[in-house]
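K.L.:
Residues or ranges marked as domain 'CAAX prenyl protease 1 N-terminal' in TrEMBL: 2-184. If you look up TrEMBL, you'll see 79-103, 130-148, 154-175, 308-330, 336-361 marked as transmembrane segment. Look at TrEMBL and you will find 187-422 tagged as domain 'Peptidase M48'. Taken from TrEMBL, the feature region 'Disordered' applies to 252-272. What TrEMBL lists as Zn(2+) binding site is His286, His290, Glu366. Residues or ranges marked as active site in TrEMBL: Glu287.
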Amino acid sequence: RRVYRTTTHVPQELGQIMDSETFEKSRLYQLDKSTFSFWSGLYSEVEGTMILLCGGIPFLWKLSGQISGHAGFGQEYEIVQSLIFLLLATLFSAVTGLPWSLYNTFVIEEKHGFNQQTLGFFFKDAVKKFVVTQCILLPVTSLLLYIIKIGGDYFFIYAWLFTLVVSLVLVTIYADYIAPLFDKFIPLPEGELKQQIETMAKSIDFPLTKVYVVEGSKRSSHSNAYFYGFFKNKRIVLFDTLLENYSALNKEPAEGEDGENEETKSKTKNKKQGCKNEEVLAVLGHELGHWKLGHTVKNIIISQMNSFLCFFLFAVLIGRKELFTAFGFYDTQPTLIGLMIIFQFIFSPYNEVLSFCLTVLSRRFEFQADAFAKELGKAKDLYSALIKLNKDNLGFPVSDWIFSMWHYSHPPLLERLQALKDAKQE
């Protein structure tokens, strides 16, 4: 916050990259986000502490048991009670988080020109997200609890294998079946850009099958791109806000259209640059570099090794009655509560250290992916694309080094540009 408050002029090394108006906009945006993050984080800590001190978890478990009993399920139906508990807990979390989400979307993002949602769209989206989450969470949790109960001494192996399969299935079906419930995905039209993407993919043996454009501009003017899929079935997804010639944010609504378009027109008055085709290809060169260099596979392996370790330690700790007693469960030791206590609270310090290590690794991967794009001859275009995307997303290029080291999964803009600079000059 001190850096955001005091760095009011464009540093000399940024003089050719960012104008003073954009610099000031990004500074104020990051300052507002920092303020929001502080207060929302403080509220989250206070809420969590009060829930623990006031016995909120055992109270909700008891309430879940009462509801389960009224439905004709006795105490022996622990999984049913667990699902009711999970439903009530996620509902409570959604309700208490709603004001913060509303403020972030309709005050901060709106103030700085990013929000493209109406209030009706926001609530419809929130309800849809909650329903879809429950449709996935409840069946998966019930099966996981069942596996833990019948798995015997080696249940942690079966539980880990089950979560591995679930994660792979979700990654496979997400973009095809889940994401389209929230955003419209359309194939990238035939043309020069699609041809160039297919040519680049072929040159590095990337098994590309389809290229989609997602209408992210209906939700936000932030831009992104990603790929997904396993084995020989890879797809690329481009946000329309990334494409200079495609984004609805760069187009004026036709005259005489309805009020909704007038509202959209007023929201898009601060047009985003987007990227030219060559810059889009450079961004994709970076993304495909993650695939070519095995970053995706390495992240999956690290994630699954961590998951296996956590389930093993869970198996060691789940029999410790004092853990349940400390959280207000004196007579029962529900499996779901054990998962919550151990994964959410006991592993909390470990998760912080792991998160930092993964952040360091992620930054290393980002530099490597930039270098891969450079080897493809995309250094100059990636250089300009990074500057454009930083401006479009109002990223503040000056940061406190300790805060950056701990929180930023991507290297600061100046460090990435410096790594690309020599090749760009050549």
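Cβ coordinates come from backbone N, Cα and C, glycine included.
Heads up, TrEMBL stuff is auto-annotated, nobody curated it.
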K.L.:
How about long-range neighbours of the transmembrane segment (130-148): same chain, 6 or more residues beyond its ends, C-beta under 8 Å?
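P.N.:
78-79, 82-83, 86-87, 90-91, 94, 155, 158-159, 162-163, 166, 170, 178, 181, 335-336.
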K.L.:
In terms of Cβ proximity under 8 Å, which residues at least six beyond the ends of the transmembrane segment (154-175) contact it?
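P.N.:
Hits for the transmembrane segment (154-175): 136, 140, 143-144, 147-148, 185, 212, 228-230, 235, 237, 303-304, 307-308, 311-312, 314-315.
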K.L.:
Name them in sequence order: residues not among His286, His290, Glu366 whose Cβ is within 8 Å of the mean position of the Cβ atoms defining the Zn(2+) site.
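P.N.:
These residues sit around the Zn(2+) site: Glu287, Gly289, His295, Phe365, Gln368, Ala369, Asp370, Phe372, Ala373.
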K.L.:
To which of the binding-site residues His286, His290 does the lowest count of other Cβ atoms within 10 Å belong?
P.N.:
His290
K.L.:
When neighbour density is defined as the number of other C-beta atoms within 10 angstroms of a residue's C-beta, which of the recorded positions Glu287, Glu366 has the lowest density?
P.N.:
Glu287
K.L.:
Which residues of the chain, 6 or more past the ends of the transmembrane segment (336-361), have a CB below 8 A from one of its CBs?
P.N.:
57, 61, 82, 85-86, 141, 145, 302, 306, 310, 313-314, 317-318, 323-324, 327, 329, 405-409
K.L.:
Average the per-residue pLDDT over the domain 'Peptidase M48' (187-422) and send me the rounded value.
P.N.:
85
K.L.:
What is the interatomic distance between the Cα atoms of Glu287 (active site) and Glu366 (Zn(2+) binding site), given in whole Å?
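P.N.:
Cα of Glu287 (active site) to Cα of Glu366 (Zn(2+) binding site) measures 9 Å after rounding.
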